[in-house]
């Protein structure tokens with residue numbers, strides 16, 4: 001009884017706790033943590049992300065099969081098209097984040113992007129209907145899609161990429177905004193949010209790879225593209241249902257963060273002749289910058305001074321604006337290093353899948369597992385790894401390191417990159433065995449003949465890649481969200497996504513280079 005009385009006495013203090021920088025859906029200050037934000041609203045957003053990933057992977061995971069099947073493209077051409085589309089889809093979040101952080105706000109950006117997403121999926125379904133109608137007229141003769149059908153298909157595909165570009169960075173940043181970094185409990189919950197966010201993503205992906213890919217391979221592509229469209233409509237409705245309980249970041253009256261940071265670089269370049277002694281005097285007059293930060297990227301400190309001692313080139317930048325610019329520059333080494341991981345990541349939906357197509361995929365007498373569904377083992381590995389990581393590994397590591405997240409974000413990213421290297425090593429060994437088996441049975445350059453080698457040989461490389469994702473992908477998301485100014489959180493996450501966009505383009509470049517070097521025609525072996 002005494003304990004309950006104490007809890008009752010403390011409850012008003014908690015409920016009246018104001019969340020700085022946040023408002024409710026009517027623009028009023030958030031003064032009740034239990035009513036707005038937290039896990040209550042984050043669960044809505046995770047549910048939306050599960051549906052969005054189901055839709056996105058419903059298109060991307062089996063896209064190479066559609067391109068080499070109904071559209072009759074070669075494997076190399078199809079892989080290049082998949083990588084190009086994936087690259088654009090991963091780079092467009094930079095544009096979406098810019099619009100959200102500078103003009104629209106994350107909530108409105110999510111709604112607009114969702115509508116574009118639904119339109120793209122609807123048109124993609126229509127393109128499958130048109131192609132199905134034309135091919136049914138020539139069942140006994142070989143025929144391929146005409147130019148209009150191909151253009152219409154790719155227009156729909158890139159419209160989906162545009163919708164995803166606005167949806168992806170904003171939804172995750174909006175979800176993380178539901179937790180207050182300055183609150184002791186909520187700061188821990190935010191770290192956990194990124195784990196369970198990725199868990200939800202992978203659950204959506206897992207269902208896609210196990211159910212939707214089977215529908216696409218064994219029933220028809222119209223239904224295979226139509227189901228994601230319907231699910232995105234449901235996701236938009238679910239998102240709107242949570243409107244009244246979300247926390248909305250308060251947008252300041254100051255100018256756009258892009259303009260502030262851009263001005264720092266421009267002013268620093270214009271002041272390139274200013275001596276270090278002049279900068280030191282200015283720092284002392286203003287109140288010295290934190291020591292470590294001042295020593296890093298010192299050339300940006302020149303933005304603290306007016307050009308040639310005058311105001312002729314616009315406003316002098318503040319210490320805070322210089323620090324924002326430095327925060328973005330600190331991300332560059334991590335961004336560059338992770339491009340190697342992004343190239344590995346691109347292989348799962350292209351060559352890993354085409355490996356599986358050529359192998360024996362029989363499970364029982366009359367059932368073959370779709371090649372694209374093998375990617376479900378990546379999602380399954382992630383779904384199994386994240387709860388173990390969050391509930392077992394983190395508490396144990398926390399007792400040794402005294403860090404809230406158990407290990408640092410960079411340690412987590414590095415561990416995942418090591419595991420991805422192990423996955424590619426395994427994939428190389430399996431491919432050597434696959435080619436040797438094809439040579440033994442005289443099946444080289446016969447892409448439509450099944451090689452007598454079980455597809456289960458591929459499971460270890462998929463599983464290892466999944467465990468590596470649980471470390472690297474979640475670590476990157478948290479790192480790029482945490483290391484940027486508050487107003488640039490969507491941009492931070494879009495920078496994380498752009499790693500995989502550039503990685504897809506690099507993967508496409510490597511395919512072309514290898515094909516040209518070996519004189520291949522892009523067909524399977």
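Glycine is no exception: its Cβ is also placed from the backbone N, Cα and C atoms.
In TrEMBL, annotation is done automatically, which means it is predicted and not curated.
Positions annotated as transmembrane segment by TrEMBL: 84-104 (among others). When Cβ-Cβ distances below 8 Å are used as the criterion, the transmembrane segment (84-104) is approached by residues 60, 63, 112-113, 157-158, 160-162, 164-170, 173, 256-258, 346, 349, 487-491, 493-495, 497-505, 508 of the same chain, each at least six residues removed from its ends.
Residues or ranges marked as transmembrane segment by TrEMBL: 111-132 (among others).
Annotated transmembrane segment per TrEMBL: 144-162 (among others), in sequence order. Long-range neighbours of the transmembrane segment (144-162) within the same chain, counting only residues 6 or more positions beyond its ends whose Cβ lies under 8 Å from a Cβ of the stretch, are 56, 59, 63, 70-72, 85, 88-89, 92, 116-117, 119-121, 123-124, 126-127, 130-131, 134.
Taken from TrEMBL, the feature transmembrane segment applies to 196-215 (among others).
Sequence-distant contacts of the transmembrane segment (221-241), counting only residues of its own chain at least 6 positions beyond either end whose CB sits under 8 Å from a CB of the stretch, comprise 44-45, 47-48, 51-52, 54-56, 58-59, 62, 66, 70, 110-111, 114-115, 117-118, 121-122, 124-125, 128-129, 131-132, 208, 212-213, 215. Sequence annotations record features per position, and here TrEMBL assigns transmembrane segment to 221-241 (among others).
Summarising the annotation, TrEMBL assigns transmembrane segment to 328-347 (among others).
Long-range neighbours of the transmembrane segment (367-389) within the same chain, counting only residues 6 or more positions beyond its ends whose Cβ lies under 8 Å from a Cβ of the stretch, are 57, 61-62, 64-65, 195-196, 198-199, 202-203, 205-206, 209-210, 213-214, 216-218, 348-349, 352-354, 356-357, 361, 455, 458-459, 462-467, 469-471, 474. Residues or ranges marked as transmembrane segment by TrEMBL: 367-389 (among others).
Among the features that TrEMBL reports, transmembrane segment is placed at 410-430 (among others).
Remote same-chain residues near the transmembrane segment (462-481) are listed as 172-173, 176, 191, 194-195, 197-198, 331, 334, 338, 341, 344-345, 348, 352, 374-375, 377-382, 385-386, 389, 405, 409-410, 412-413, 415-420, 422-423, 426, 489, 492-493, 495-496, 499 (criterion: CB distance under 8 Å, separation of at least six residues from the stretch ends). Look at TrEMBL and you will find 462-481 (among others) tagged as transmembrane segment.
Residues 76, 79-80, 83-84, 86-94, 96-97, 168-169, 172-173, 331, 335, 338-339, 341-343, 345-347, 350, 476-477, 479-481, 484, 520 of the same chain sit 6 or more residues outside the transmembrane segment (493-514) yet have a Cβ under 8 Å from a Cβ within it. The feature transmembrane segment is assigned by TrEMBL to 493-514 (among others).
Recorded stretches compared: 111-132, 196-215, 328-347; the one with the most Cβ pairs under 8 Å to the transmembrane segment (410-430) is 328-347.
If one looks beyond the transmembrane segment (328-347) by at least 6 residues along the same chain, the residues whose Cβ comes under 8 Å of a Cβ in the stretch are 83, 86, 261, 296-297, 300, 410, 413, 416-417, 420-421, 423-424, 427, 465, 468-469, 472, 476, 479-480, 483-484, 488, 492, 495, 498-500, 502-504, 506-507, 510.
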